[in-house]
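Asker: Marked as active site, acyl-ester intermediate by Swiss-Prot: Ser223. For Ser223, Asp289, His326, the entry in Swiss-Prot reads active site, charge relay system, with the evidence type sequence analysis. For 191-217, 390-410, the entry in Swiss-Prot reads coiled coil, with the evidence type sequence analysis. If you look up Swiss-Prot, you'll see 392-401 marked as compositional bias 'Basic and acidic residues'. Feature annotation from Swiss-Prot assigns ubiquitin cross-link to Lys19. According to Swiss-Prot, the feature region 'Disordered' maps to 386-414.
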Amino acid sequence: MVGDIATRWKELSGSSKWKDLLDPLDLDLRRYILHYGDMAEVGYLAFNSDRRSKYVGDSCYTKEELFARTGYLKANPFRYEVTKYIYGTSSIRLPECFIIKSLSREAWNKESNWLGYIAVATDEGKKLLGRRGIVVAWRGTIQLYEWANDFDFPLESAVMVFPGANPNDEPRVANGWLSLYTSTDPRSRFDKTSAQEQVQEELKRLLELYKNEDVTITLTGHSLGAVMSILSAADFLHNEWPKITPSLQHSLCVTVFAFGSPQIGDRSFKRLVESLEHLHILRVTNVPDLIPRYPVFRFTDIGEELQINTLKSEYLKRSLNLGHFHNLEAYLHGVAGTQHNQGEFKLEINRDIALVNKGLDALEDKYLVPGHWWVLENKGMVQSDDGTWKLNGDRSKKKQEEEDEKEENNCKFP
């Protein structure tokens, strides 16, 4: 799994725009992409999407147990510490798949959703990675095709995120993306600051902490998470890079691995992003997946592209279900087995095919893997001392709330 990542991390992070590494796909780069894809997948596995739960829209797990409870630790040798959870809200109406709301009158929060996490490599992880890796992993959306068919995101000025941009070439971004990234809710303890501010402040804190080391910032996400990864990376390079010391600028590398990303903005936005010479973006797209083509009009692609085609996989059923082509685990299966553009499918990485069926029923039946096998234990039902069962939210979530409240109180001045 590790390969030569520790010695090739600059090249694998896009220092040469992945020249000669994509076709055919370099083995270490294949491992590298899968590593960050797995970190994006953690966001899906931890997210509470059950509207009957009063904790819907939040992470089921605390920062300390996030990787262990989602299966990341046993499957990956790289070790990280989660330092920050990201929360977001929206000032405009968004589809249910973006901001999920609870049916419970005792909901933890009516307007906020957990959007992902920030993690930093431990000393053990640093040895395998070759440097101190900071990761921003944005959670994707649930059932994204619902909005693709009937929701329109008009373009609007993004100068609030990119002040000082050329007024004659003003970048424009879909208003839904901007709203989720920049909105605040003073009534919420989670969204008093926007997702934008939460991410940028934590990145600045971590860079100060590790300013004397080789550091990378890698942003990753699938679907909506891919959009947020690109937007937040461009934000950081545009606004914070000039404030970084020259020595840190020399060693710092900022990379995005975006899986199945919808389009984000117009050609002016593309020109702004491409002017950020220290930003490296690799978009992974699946040939039969339609989502990377949405929204359709006046939008354009950004970054380098690695194209896969899961239709070539002999492990997968022939299906007309468009969701099968957009699923993140299907993408990672495709990365593990893609050959050069005209080649067939062959697993070059020993990646468990059972992972495909975590949220799908896409594997051929002969592999004897049940469909949709990843579920929260007992679907979140907890047995009381008297033997009765009820959906009372994850106990670890209550623990997290207590820790957050304690931390908030400790930060108050007397």
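Each residue, glycine too, has its Cβ placed from N, Cα and C.
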Asker: For His326 (active site, charge relay system), identify the closest of the recorded positions Lys19, Ser223, Asp289, judging by Cα separation.
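Answerer: The answer is Asp289.
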Asker: Expressed to the nearest Å, what is the distance separating Asp289 (active site, charge relay system) and the residue listed as 'ubiquitin cross-link' at their Cα atoms?
Answerer: 25
Asker: In the predicted model, what is the mean pLDDT computed over the coiled coil (390-410)?
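Answerer: PLDDT averaged over the stretch: 51.
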Asker: In whole Å, how far does the CA atom of Ser223 (active site, acyl-ester intermediate) lie from that of the residue listed as 'ubiquitin cross-link'?
Answerer: 25
Asker: Specify the count of other C-beta atoms within 10 Å of the C-beta of Asp289 (active site, charge relay system).
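Answerer: Taking all protein chains shown, Asp289 (active site, charge relay system) has 24 Cβ neighbours within 10 Å.
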Asker: By the DSSP assignment reduced to helix, strand and coil, which category contains Lys19 (ubiquitin cross-link)?
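Answerer: In three-state terms, Lys19 (ubiquitin cross-link) counts as coil.
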Asker: Using the structure shown, find which entry in Lys19, His326 (the recorded positions) has the sparsest Cβ neighbourhood within 10 Å.
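Answerer: Result for the recorded positions Lys19, His326: minimum number of other Cβ atoms within 10 Å at Lys19.
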Asker: Please work out the number of neighbouring Cβ atoms within 10 Å of the Cβ of the residue listed as 'active site, acyl-ester intermediate', leaving out its own Cβ.
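Answerer: By my count, 28.
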